[in-house]
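Per TrEMBL, the features are as follows:
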type     : residues      : note
BINDING  : Cys25         : Zn(2+) binding site
DISULFID : Cys25-Cys92   : disulfide bond
DISULFID : Cys27-Cys119  : disulfide bond
DISULFID : Cys37-Cys144  : disulfide bond
DISULFID : Cys146-Cys194 : disulfide bond
DISULFID : Cys151-Cys156 : disulfide bond
DISULFID : Cys164-Cys186 : disulfide bond
DOMAIN   : 25-144        : domain 'NTR'
SIGNAL   : 1-24          : signal peptide
Amino acid sequence: MKSCVVLAFLLFSLICLMYQASDACSCAMSHPQDAYCHSDIVIRAKIVGKKLLDDGPFGTLRYTVKQMKMYKGFEKIQHVQYVYTHNFESMCGVKFDINKYQYLITGRVHDGKLYTGLCNFNERWERLSLAQKKGMNHRYQLGCDCRIKPCYYLPCFVTSKNECLWTDMLSPHFSYPGHQWRHYACIQQKEGYCSWYRGTNTRDKLTINTTDP
């Protein structure tokens, strides 16, 4: 009898561990430009309150925001007052600090509401590089017809003229985020080709090819 109880306990523990593993949030690496282009809404805002809504088995967090600036999505929502996310990080819910920082927030609109999660690009504004701030303001929009192609191991090549190779992951000292992630945008040129562009100072106001940096 005792052995049966122990076996049942071990089986229950294993099921719980399998459930937690399957329920964990997992996101692929993405470039901020992709996050911008694939989002319905991109704003800079300060979180001023939150409320747990009892609208399902796990609940939804509703953050009240003070919108500072909208970079994308005027046609979807003219002014964002609330941002919605899952209550649990295991379900990709986002935790924002209240009345502390300004955040860049990206997300999708559903039934007139802005939803975001861990797989969206959400970051404290002061942590963004100058190139990322310029990208959100106008530069990323110029590259939304381009495709940023991750390169995890060599050889890797562009296969069409609208691709830029994202090679941060090839660095022997790679730590996410990398140099291209922080400082470059993939912009479409007059000839229709896409290439990496930095343009944060005089020296960098040159377009570089698809394999560099």
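Even glycines carry a Cβ here, placed using N, Cα and C.
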Please compare the disulfide-bonded residues Cys27, Cys119, Cys144, Cys146, Cys156 by how many other CB atoms fall within 10 Å of each one's CB, and tell me which has the fewest.
Cys27
Just to be sure I understand: of Cys92, Cys144, Cys156, Cys164, Cys186, which disulfide-bonded residues have a C-alpha no more than 10 angstroms from the C-alpha of Cys27 (disulfide bond)?
Cys92
Report, in whole Å, the straight Cα-to-Cα distance of Cys151 (disulfide bond) from Cys25 (Zn(2+) binding site).
23
Length of the line joining the Cα atoms of Cys186 (disulfide bond) and Cys194 (disulfide bond), in Å:
6
For Cys92 (disulfide bond) and Cys194 (disulfide bond), what Cα-Cα distance in Å is obtained after rounding to a whole number?
32
Measuring C-alpha to C-alpha, could you say which of the disulfide-bonded residues Cys37, Cys119, Cys146, Cys156, Cys194 are within 10 Å of Cys164 (disulfide bond)?
Cys146, Cys194
Distance, Cys156 (disulfide bond) to Cys144 (disulfide bond) (CA atoms, angstrom):
22
Using DSSP, break the domain 'NTR' (25-144) down into helix, strand and coil residues and give each count.
26 helix, 45 strand, 49 coil
